[in-house]
Amino acid sequence: MTSSSPILKQTPKFLSALEGQSHANPPVWFMRQAGRYLPEYRAVRATAPDFISFCFDPEKAAEVTLQPMRRFPFDASIVFADILLIPGALGQKVWFEAGEGPKLGDMPSVESMAEKAGEAGKALSLVGETLTRVRSALDPDKALIGFAGAPWTVATYMIEKGSSDRSGARTFAYQNPETLDALIQVLVDATIDYLAMQVDAGAQALKLFESWAEGLSEPLFDRLVTQPHIRIIEGLRARGVTVPIIGFPRGAGTLVEDYAARTPVQGVALDTSASAKLGQTIQKTKTIQGALDPLLLRAGGDALLKRVDEMLEQWNQGPYIFNLGHGILPDTPIAHVEAVLERVTGQKVGQ
């Protein structure tokens with residue numbers, strides 16, 4: 001297996017930040033930067049019959065991945081896909097309903113899913129085709145990020161069949177610990193294979209999205225978040241994958257510091273609640289990423305630019321990647337994105 005994508009003449013700023021370097025103007029990208037706030041995205045999305053088909057169309061997915069790179073001076077591009085592709089690869093039906101979000105069918109037995117976990121990369125090879133298309137079109141100084149939903153977060157959707165109420169999954173964790181641990185391990189194995197495929201296809205960095213880390217007790221957080229992340233990273237390294245990895249335990253609060261200390265990630269993405277001190281503490285050993293509130297980005301005005309300045313002042317003395325604390329909202333004005341990017345890059349952006 002290829003341990004990393006082809007060597008480029010210039011190390012992208014995003015990757016150098018993950019190596020621990022600081023920059024006068026930090027690298028910047030936004031979660032969900034390819035999305036509905038862009039009219040060009042909406043135009044392409046309208047040509048796909050449904051969201052899953054959209055994710056599995058390499059031509060369309062590559063196009064929307066590249067759209068924000070053409071419009072804005074982002075330093076990294078993240079492949080357009082979804083965290084719920086892995087359940088489909090394991091045999092659970094996944095679909096999206098307009099205005100309601102993801103829906104999942106009955107979860108197959110853990111035993112049947114375990115048989116498919118080692119073939120997740122093959123089952124999701126169309127995402128690899130998207131990555132290859134994007135990498136060939138990206139400027140050499142721009143980095144390409146692959147990603148996956150982390151096991152606990154994916155498991156919550158699989159257990160609750162798409163419900164946004166995590167209480168059912170937490171209750172399942174208490175009542176069925178052995179079954180949940182087995183499911184988490186299946187997802188660890190599938191995620192390793194899926195992410196290794198993404199690196200082979202051109203991803204230069206990886207991100208684990210633990211979107212539902214909030215509300216877990218310290219013992220549950222260790223069992224369902226920290227330990228599975230460690231196993232994924234160790235599994236990738238054992239397969240020769242050397243690219244940097246960012247972990248995003250969203251909503252974990254003070255447990256993020258322990259997560260950063262114990263997991264072998266190179267970067268830790270912070271959510272909007274992260275304090276200046278928390279970020280500075282983690283920066284002593286890791287690169288941090290984040291953590292502008294998407295609601296503030298949408299609101300705009302003086303408060304937005306003031307917060308951008310605060311974040312740069314408190315975190316840009318160490319290795320730092322400017323980003324949001326969650327995905328960009330669909331009704332975010334493009335002018336607000338441009339204003340933030342002007343402030344971060346020090347360059348004129350937009351018209």
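Just so you know, glycine gets a Cβ as well, placed from its N, Cα and C.
Not measured: the values here are computed from a predicted model.
Per Swiss-Prot, the feature substrate binding site maps to R32, Q33, A34, G35, R36, F51, D82, Y157, S211, H326; the stated evidence is similarity to another entry. Within the same chain, residues at least 6 positions away in sequence whose Cβ sits under 8 Å from that of R36 (substrate binding site) are R42, R45, P330.
Other Cβ atoms within 10 Å of the Cβ of D82 (substrate binding site), summed over all protein chains shown, number 18. According to Swiss-Prot, the site 'Transition state stabilizer' annotation covers D82.
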Query raised in the report: Among the binding-site residues listed here, R32, A34, S211, whose Cβ has the fewest other Cβ atoms inside 10 Å?
Result: R32
